[in-house]
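A short write-up of the structure that comes next.
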Amino acid sequence: MKIKLEEKFAEQYHKNADAVYFTPGRVNLIGEHIDYNGGLVMPCAITLGTWLVIAPNSENKLRFKSLNFEAQTEVESNQIYTKNGSLWANYPIGVINEFINDGKEIPGMDFLYFGNIPIGSGLSSSASIEIATAFALNDYLNLGYDNLELVKIAKRVENDFIGLNSGIMDQFAVAFGEKDKAIVLDCETLKYKMVDVDLGNYVLAIINTKKPRELADSKYNERVEECKTALNLLNEEIKLNNLCELTAEKFALHNHLIKDETILNRATHVVKENGRVHLAAKALNAGQLEEFGRLMYASHQSLKELYEVSGKELDAVVDFCSDYEHVIGARMTGAGFGGCAIALLEKGYEEDFAKHLTDYYVDKIGYPAEIYVSEIGNGPIKL
Ligand code: ADP
Ligand code: MG
């Protein structure tokens, strides 16, 4: 891959590449719609990701090309930048803008990206391209940031430059991922623990429903508001900063304050899902993969019925998995309303699973899903 991309770089820019980097995408194993409620999430980096090839130029230009998109962008180096429409180069330019605002000098550079993450499907290709750019420039130009600073920079790009009000989980997972480990991250304190994930005789299957996530952003914001409403109601009796400070037992003592059934359902999901992350970490530590799988199904059920962020496509995948003998756990991952599901699939059944799931899914939904097998991979590296 590295040599091929260096060749592509030479074709595109008519000169040699100088450095090649790889940055992963991520899945969230469990703990969904929790990051903005101040609780625990459990993402990991995956082996699908974004490659970035760079070389300096002496023309004081920043040039951006991607093998995934036709649009190319060129700007003068060392300026203050603003978002330019919906160009993909907003992501790397946003990162460079943060560096410049922080007093760094970024000289003329040529960039070539290639990603094998399905783009716009909830596996965080956006966090991947942000961290790819931040990590590569930090390394190449010796900018002196640590990984957590790069995560915060990338999050600011997503929130302020791109304009999506997302939590810190994606950038954190992409930057801190380690092979065969999950990250148990407290989204309030940013304290985290790495947990060994021994998948044994199983692989991580990722199923892209190919359902466009049109409603995702507005529904996402609606859920954020509903959680705030629940928090305000509970605060009439107890003092809380966020819903995830409550155990299920404590929540049961106070949930009479929430009269609206929908709001009660949302809060119930949050409190119980946060509890499931604790249980999931325990199960992984004890090597109880089947228990982990059971928690994945419970998470999906709650996201479907209480939080109402699934959809017929994601449900079709998870329903199929629960009837398929060689899967021990499955759930939607990411914000929902489409995007991807994950499943723990017994090794050796990859083809059989793909064939039968495809038949089932086409019959129910009308078009095929895409199926990937991934390992839990490392964070960004120079190749
Ligand atoms: P997700 O993060 O779920 O994949 P987003 O909509 O948040 O979806 O981010 C996808 C956007 O990120 C793309 O539309 C594009 O602008 C940018 N992007 C991601 N990967 C690449 C890539 N390899 N090359 C160019 N742009 C990319
Ligand atoms: Mg994204």
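Any Cβ shown, glycine's included, is placed from N, Cα and C.
Copied over from TrEMBL:
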| type | residues | note |
| --- | --- | --- |
| DOMAIN | 7-56 | domain 'Galactokinase N-terminal' |
| SITE | R26 | site 'Transition state stabilizer' |
| BINDING | E32, H33, I34, D35, Y220 | substrate binding site |
| BINDING | S66, G120, S121, G122, L123, S124, S125, S126 | ATP binding site |
| DOMAIN | 90-177 | domain 'GHMP kinase N-terminal' |
| BINDING | S126, E158 | Mg(2+) binding site |
| ACT_SITE | D170 | active site, proton acceptor |
| DOMAIN | 280-361 | domain 'GHMP kinase C-terminal' |
Given G122 (ATP binding site) and R26 (site 'Transition state stabilizer'), what distance in Å do their CA atoms have, once rounded to a whole number?
9
Taking ligand 1 as the reference and 6 angstroms as the Cβ limit (strictly under), which recorded positions among R26, E32, I34, D35, E158, Y220 are close?
none
Where does E158 (Mg(2+) binding site) sit by DSSP, helix, strand or coil?
helix
Around the Cβ of G122 (ATP binding site), how many other Cβ atoms lie within 10 Å? Please give the count over every shown protein chain.
27
Rounded distance in angstrom between the Cα atoms of S125 (ATP binding site) and R26 (site 'Transition state stabilizer')
8
Enumerate in sequence order the binding-site residues I34, S121, L123, S126, Y220 whose Cβ-atom distance to ligand 2 is under 6 angstroms.
S126
Could you find out if DSSP has R26 (site 'Transition state stabilizer') as helix, strand or coil?
strand
Neighbours of the substrate site E32, H33, I34, D35, Y220: Cβ within 8 Å of the Cβ centroid, same chain, sequence order.
G31, Y36, N37, V41, G167, R223, A335
Would you identify the secondary structure of S66 (ATP binding site) according to DSSP, in three states?
strand
